[in-house]
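Noted in Swiss-Prot for the protein shown:
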type	residues	note
BINDING	Cys22, His33, Cys34, Cys37	Zn(2+) 1 binding site
BINDING	Cys25, Cys27, Cys30	Zn(2+) 2 binding site
MOD_RES	Lys28	N6-acetyllysine
MOD_RES	Lys50	N6-acetyllysine
MOD_RES	Lys51	N6-acetyllysine
MOD_RES	Arg52	asymmetric dimethylarginine
MOD_RES	Arg53	asymmetric dimethylarginine
REGION	1-24	region 'Interaction with human CREBBP'
REGION	1-22	region 'Disordered'
REGION	48-99	region 'Disordered'
SITE	Trp11	site 'Essential for Tat translocation through the endosomal membrane'
Amino acid sequence: MDPVDPNLEPWNHPGSQPRTPCNKCHCKKCCYHCPVCFLNKGLGISYGRKKRRQRRGPPQGGQAHQVPIPKQPSSQPRGDPTGPKEQKKKVESEAETDP
């Protein structure tokens, strides 16, 4: 390892800065450009402020794409409308007449 001038700050050491500035390209070469590019572009880790996404407003024209939903009739109980009690009585009466 080459000796480094002790009076030089660490961020000014030779080889500490890449020769070209960082850019917004995400190609393989630019992802490995420097440690910061690798973290941000290669791994997707960013410690900066997160941008707030703006909500999209409703499209002009209001209800152009909305179809009204028809009212459904209230649900009715399924099965025999006479009810379970009358069925039990029928079964009991049939059981008495069989023997």
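Glycine residues also receive a Cβ, built from the backbone N, Cα and C atoms like all the rest.
Around Lys50 (N6-acetyllysine), no same-chain residue six or more apart in sequence has its CB under 8 Å from its CB. If you take the Cα of Lys28 (N6-acetyllysine) and the Cα of Cys22 (Zn(2+) 1 binding site), they are about 13 angstrom apart, rounded to a whole number. For the pair formed by His33 (Zn(2+) 1 binding site) and Cys27 (Zn(2+) 2 binding site), distance between Cα atoms is given as 10 Å, rounded to the nearest Å.
Distance noted between the C-alpha atoms of Lys51 (N6-acetyllysine) and Cys37 (Zn(2+) 1 binding site) is 19 Å. A helical conformation is recorded for Cys37 (Zn(2+) 1 binding site) in the three-state DSSP classification.
Each residue in the region 'Interaction with human CREBBP' (1-24) gets a DSSP state, and the totals come to 3 helix, 0 strand, 21 coil.
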